[in-house]
Amino acid sequence: MQQEIQAFLLVPKDSDFTIKNIPFGVVSKTDGNPFPATIIGDSVINLAKLEELGYFNGPLFSTLGSKVFDNGNLNKFVSLSRPYWKEARSQIQSLFSCGSQLENNQEVLSQVITPVQDTKNHLPITIGEYTDFYSSKNHAFNMGSIIRGPDNAMQPNWYYLPVGYHGRRSSIVIDGTDIRRPWGQVKAPTAEKPSFTKCKRLDYELEIGAVIGGASNNLGEPIKVNQAEDRVFGFVILNDWSARDVQVWEYVPLGPFGAKNFASTISPWIVTIEALEPHRIQLPEQDPEPFIYLKEKNHTSFDIRLEVLIGTEKSPELEHFTTSNFKYMYWSVNQQIAHHSITGCNIQPGDLFGSGTISGTTKDGRGCLMEYTWNGKEPLVLKSGEQRLFLEDGDVLEMRGYAGEGENRVGFGRCKGKIIPALDEDYFQS
């Protein structure tokens, strides 16, 4: 039935936001406060107003004693469970499909719909904790080959557990936020001691972020791998900006720190598992066989095409240069959740899990510049003749992602940031 549903709202060709999608986000009008919303085509739909007018009246929502869309974030909604998420999404699709009670109700439509160009996106949730993983085999092999050589590319633990580290939620920003080039300590390979300098090897990382929902597990009680998907509210595109030269010096022995905490950008609309379900794919068999707590009945991901584009001050028109896919995952999101909680960690609604850089099997599928340029040895050559080893001031980096085509397309919108110059050294003078 879902394949036949049609929206009465105008949906441009190749829009990410068909009625098959119904992502969730938070926007504001130019003269108002942020409110939860969804989007169909170029029409932003005010979920708080729909709720106020009584349109979320299904069997589950009718039992709630309070509103869930009355805040400037989605946390109340995300803290519910999948049956509630599915009911809300289904009701929205029904309300805005051809022949619905709202199709010719201009009084209501004028209250709930705003043209997308008249809105501003905000972080869709108040993020609780942020964890970044390292779960694409192609990326892990490439990075290991660069650092240690192909014969020692993969660390012994990589095939046994989803490697990850805890990041910084306070510096996660929304699409369109400028990214300031960071400062840090750097040690050149031939130098005797480190120097304090502006980052010269600024990089991006192409990732998918999983937004955690549902009720928290109790402290000391791990989440079972085959129940973990019930904790995934949906997905965003994630750019985990990286200062590679800072990272090389600081990461031994505890892993990345300042090189990763200065900014991470996410796309504004959270795309649900229900929207992506028609695009679910089987992942390759894992060898060695995972331990029992990581052993899934269905080891799957989603066929999400991921693209990276760049624009420069000299050539501002965005140029596509990388195509990857969420199918290039070795460890699934469910396994990441199960491993994260195996020691008893209580995972909260509103937490964000980064997939780790997602790389394909070819050079134009590599998910960061350190891979693409093979650590600065093979420059990215743009149509203008400009070359990039790493990102320069004024560069604009945009990520896009979508599954399906045409009326069945389910997309994320954009995840974009512009590099602005580092602070002057005088800033650090007392």
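Including glycine, each Cβ sits where the backbone N, Cα and C put it.
Unlike curated entries, TrEMBL annotations are predicted automatically.
Record features (TrEMBL):
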ACT_SITE  H139  active site, proton acceptor
BINDING   D132, E205, E207, D240  Ca(2+) binding site
BINDING   Y134, R148, Q247, Y251, T357  substrate binding site
BINDING   D240, K260, S264  Mg(2+) binding site
DOMAIN    20-124  domain 'Fumarylacetoacetase N-terminal'
DOMAIN    131-410  domain 'Fumarylacetoacetase-like C-terminal'
Completion exercise
CB contacts under 8 angstroms to Y134 (substrate binding site), restricted to the same chain and 6+ apart in sequence, sorted by sequence, are A140, W158, P162, V163, G164, G356, T357
Handout entry: D240 (Ca(2+) binding site) as reference: those binding-site residues from Q247, Y251, S264 with C-alpha within 10 Å of it
Key = S264
Practice task
Output the one of H139, R148, K260 that, of all these recorded positions, has the highest number of other Cβ atoms within 10 Å of its Cβ.
Solution key: H139
Completion exercise
Filtered by Cβ under 8 Å and at least 6 apart in sequence, the residues in the chain of E207 (Ca(2+) binding site) near it are D132, I237, L238, N239, D240, G354, S355, G356, T357, I358, G367
Problem - Count of other CB atoms lying within 10 Å of the CB belonging to S264 (Mg(2+) binding site) - result: 28
Problem - Chain-internal residues near Y251 (substrate binding site), provided their CB is under 8 angstroms and they sit 6+ positions away - result: F257, A259
Problem - Listed recorded positions H139, E205, K260, S264, filtered to Cα within 10 Å of Q247 (substrate binding site) - result: K260
Problem - Summary of DSSP states over the domain 'Fumarylacetoacetase N-terminal' (20-124), given as helix, strand and coil counts - result: 37 helix, 24 strand, 44 coil
